Amino acid sequence: MKVTLLGAGAWGMAMAAQATRHLQEGDVCLWSRSKEQLLDIQESGENRAYLSGIKLPEGLKLEGDFSAAVKRLSIDDLLVIATPMSGLSETIAQVLRVAEHPLNIIWLCKGLEPNTALLPHQVVERESKIHSHGITHSYGALSGPSFAREVGVGMPCALTVASKSPKLCEVVQAAFHHGNMRVYSSDDLIGVELGGAIKNVLAIAAGIGDGLDLGLNARAAVLTRGLAEMMRLVKAAGGKSETCMGLTGVGDLILTATGDLSRNRRVGLELAAGKSLPEILASLGHVAEGVLCAQAVGDLAKRLGIEMPITAMMDEVLSGKLKPHDAVKKLMGRDPKIES
């Protein structure tokens with residue numbers, strides 16, 4: 001089989017490496033819009049901008065022609081969109097314009113579209129109505145507790161592919177389920193995508209708590225009550241609340257809220273230290289999806305009539321309406337309730 005990955009950031013590189021370890025030379029293709037980046041990767045054997053120090057497996061094909069990267073795939077192959085959430089709409093529209101037959105398409109981004117609060121699959125469905133030219137593609141999301149750097153070097157990892165198409169799930173497993181990576185399947189696209197979005201916001205909250213030295217008790221409270229918020233929203237949005245107890249919910253939440261490689265956790269730590277959000281984002285150099293989707297998650301919760309106090313406080317902190325220590329006071333000052 002052949003695999004094409006669109007986007008040569010950290011995740012595109014990591015998953016390209018994972019597929020290349022298993023498939024034949026030339027079967028895996030990585031596309032980037034930047035000719036300079038492709039040249040640097042070709043000359044150095046690594047992605048120094050995103051995954052410095054990690055040598056890519058031999059046999060990976062680099063491509064700068066978008067149309068060629070897509071058209072090399074047959075109906076049994078796999079297209080992976082490895083852009084951030086902010087680039088999903090543009091990328092899928094471009095794919096649909098050049099695709100000549102049905103494709104198996106997955107995305108790696110986690111979050112909601114700003115301004116619309118749409119989930120990734122809803123963005124894809126919207127663009128499909130405009131650009132698909134009558135061709136029906138299979139879609140899905142690949143998500144779970146994983147840092148790109150660890151995947152890039154082949155450390156053990158477990159992910160979940162979510163799709164209404166059993167065939168697509170099988171194609172994704174054929175591409176990535178080998179060596180130190182396990183890929184489970186699910187039909188709960190809503191639950192998987194919302195879990196991946198909300199956990200990023202909660203990881204910022206956990207980082208703030210750790211940065212303010214609130215203790216391990218506080219961290220446990222944030223994660224547990226945050227998980228309850230996640231489950232409520234998933235159920236209200238039409239997903240399965242039990243999905244939140246799996247890899248893409250509590251699994252990804254634990255990793256992102258406690259792991260030192262987490263950009264979202266780092267945002268929380270530095271907010272607690274008194275740094276401004278623009279200053280923090282400039283120092284990161286990469287996307288922290290929780291910053292971009294906190295307001296969108298809050299908007300979706302309001303639309304569905306779901307109370308999410310931790311998420312709401314993070315939106316106020318990130319928008320500059322509330323200081324981190326004041327957010328803690330507001331949360332701790334809430335009226336007592338039955339645990340649910």
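The backbone N, Cα and C atoms fix where each Cβ goes, and this holds for glycine too.
According to Swiss-Prot, the residue from Lys110, Lys164, Lys167, Lys235 that belongs to the sn-glycerol 3-phosphate site alongside Gly144, Ser146, Lys199, Asp252, Ser262, Arg263, Asn264 is Lys110.
In this structure, the C-alpha atom of Trp11 (NADPH binding site) lies 10 angstrom from that of Ser146 (sn-glycerol 3-phosphate binding site). There are 27 other Cβ atoms within 10 Å of the Cβ belonging to Asp252 (sn-glycerol 3-phosphate binding site).
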